[in-house]
Amino acid sequence: MTLSIVKSEDSSSRPSAVPSDLPLEEDIINTLPSGVFVQDRYKAWMTVIINVVMVGLGWLGIAIAPWFLLPVVWVFTGTALTGFFVIGHDCGHRSFSRNVWVNDWVGHILFLPIIYPFHSWRIGHNQHHKYTNRMELDNAWQPWRKEEYQNAGKFMQVTYDLFRGRAWWIGSILHWASIHFDWTKFEGKQRQQVKFSSLLVIGAAAIAFPTMILTIGVWGFVKFWVIPWLVFHFWMSTFTLLHHTIADIPFREPEQWHEAESQLSGTVHCNYSRWGEFLCHDINVHIPHHVTTAIPWYNLRTPTPVYRKIGGEYLYPECDFSWGLMKQVVDHAICMMRITIISQSLTTKRV
């Protein structure tokens with residue numbers, strides 16, 4: 001799902017195309033300091049402890065804050081919950097621990113408060129890494145082709161414009177609800193894993209939600225869980241959108257797609273506030289992560305100078321998060337789509 005429509009033309013402001021023979025593994029990964037791949041158990045578990053404390057402080061703040069401070073505490077708590085996801089994200093890439101079972105169980109536990117099925121996300125996310133910005137195969141913010149948009153009914157066009165436009169922050173919820181609970185799409189061991197993860201979070205929600213409503217009421221449930229959960233999904237939508245969807249970065253058709261280009265030119269480093277990057281564990285330092293998922297989050301900043309030295313001309317310039325940037329990103333594709341449709345309509349009428 002994406003707000004972007006595939007563009008056939010190249011923008012003059014986007015990074016240079018990466019040569020098709022770029023030896024990504026040899027030229028970049030092998031030049032990295034070996035220490036960036038080392039998993040530090042102390043750092044990994046301290047991250048978990050700090051994140052649990054932050055979420056706990058957030059919930060305490062919700063309990064004691066006067067009404068006019070609740071929005072601030074909600075944003076803090078939802079951002080801290082996003083940190084749970086980021087640690088689980090490392091677990092999904094097996095960069096949290098050398099033991100697969102530790103990664104799986106930590107991932108499941110941290111995904112429980114946000115009701116996210118771990119294995120279905122893990123499997124789908126690995127596909128996103130393998131086919132970043134490739135039409136038909138990348139499952140993160142997959143765009144519509146222009147002809148698909150034209151052939152869709154008016155209702156679907158309006159829906160597309162809304163949820164891939166100014167309501168982008170709902171995109172993560174739609175992705176979560178429509179993709180991650182269907183274990184019938186998988187086969188063999190993966191089907192059993194996805195079924196386990198899905199039933200685990202469904203069971204947890206079936207117990208936790210009624211219990212919260214009975215003990216603290218509907219407003220308490222909304223105040224302590226629903227609103228922080230919505231903040232979490234705001235960040236999920238925003239992070240994942242800006243990682244690979246800037247006006248000058250297109251999704252490519254299979255015959256035009258190149259893996260090295262998608263990982264370098266198609267990935268964006270966007271800076272956020274220090275407190276946000278702290279609570280979300282540098283999830284914005286995304287280029288090193290897309291070159292190799294073996295780097296734990298706490299080492300992601302170390303190889304950045306290496307990437308800039310080797311592939312600097314191919315990297316999209318760093319940007320800073322702002323509402324102006326979000327407006328530019330979410331408005332660009334919809335505007336381009338409407339211009340294209342109007343132009344084609346006028347051309348047809350003239351003919």
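Here the Cβ of each residue, glycine as well, is placed from N, Cα and C on the backbone.
Quick caveat, the model's predicted, so the values are computed rather than measured.
Record features, source Swiss-Prot:
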REGION    1-20  region 'Disordered'
MOTIF     89-93  motif 'Histidine box-1'
MOTIF     125-129  motif 'Histidine box-2'
MOTIF     289-293  motif 'Histidine box-3'
TRANSMEM  44-62  transmembrane segment
TRANSMEM  68-88  transmembrane segment
TRANSMEM  100-120  transmembrane segment
TRANSMEM  199-219  transmembrane segment
TRANSMEM  221-241  transmembrane segment
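Same-chain residues lying 6+ beyond the ends of the transmembrane segment (199-219) with a Cβ under 8 Å from its Cβ atoms: 108, 111-112, 115-117, 181, 225. Nonlocal intrachain contacts for the transmembrane segment (100-120), taken as residues 6+ away from its ends with a CB within less than 8 angstroms of a stretch CB, comprise 48, 51, 55, 81, 84-85, 87-88, 91-92, 94, 176, 179-183, 186, 190, 193-194, 196-198, 200-201, 204-205, 229, 232. Within its own chain, the transmembrane segment (221-241) is flanked in space by residues 2-3, 58-59, 62-63, 70, 74-75, 77-79, 81-82, 85, 114-115, 140-141, 168-173, 176, 209, 212-213, 276, 280, 283-284, 321, 326, 329, which lie at least six positions past its ends and keep a Cβ under 8 Å from the stretch. If you look at the transmembrane segment (68-88), the same-chain residues 6 or more away from its ends with a CB under 8 A from one of its CBs are 47-48, 51, 54-55, 57-59, 61-62, 96, 106-107, 110-111, 113-114, 116, 118, 223, 227-232, 234-236, 239, 275-276, 279-281, 283, 297. Residues 24, 28-29, 32, 93, 95, 129, 132, 263-264, 267, 300, 307 of the same chain lie 6+ residues outside the motif 'Histidine box-3' (289-293) yet bring a C-beta within less than 8 angstroms of a C-beta in it.
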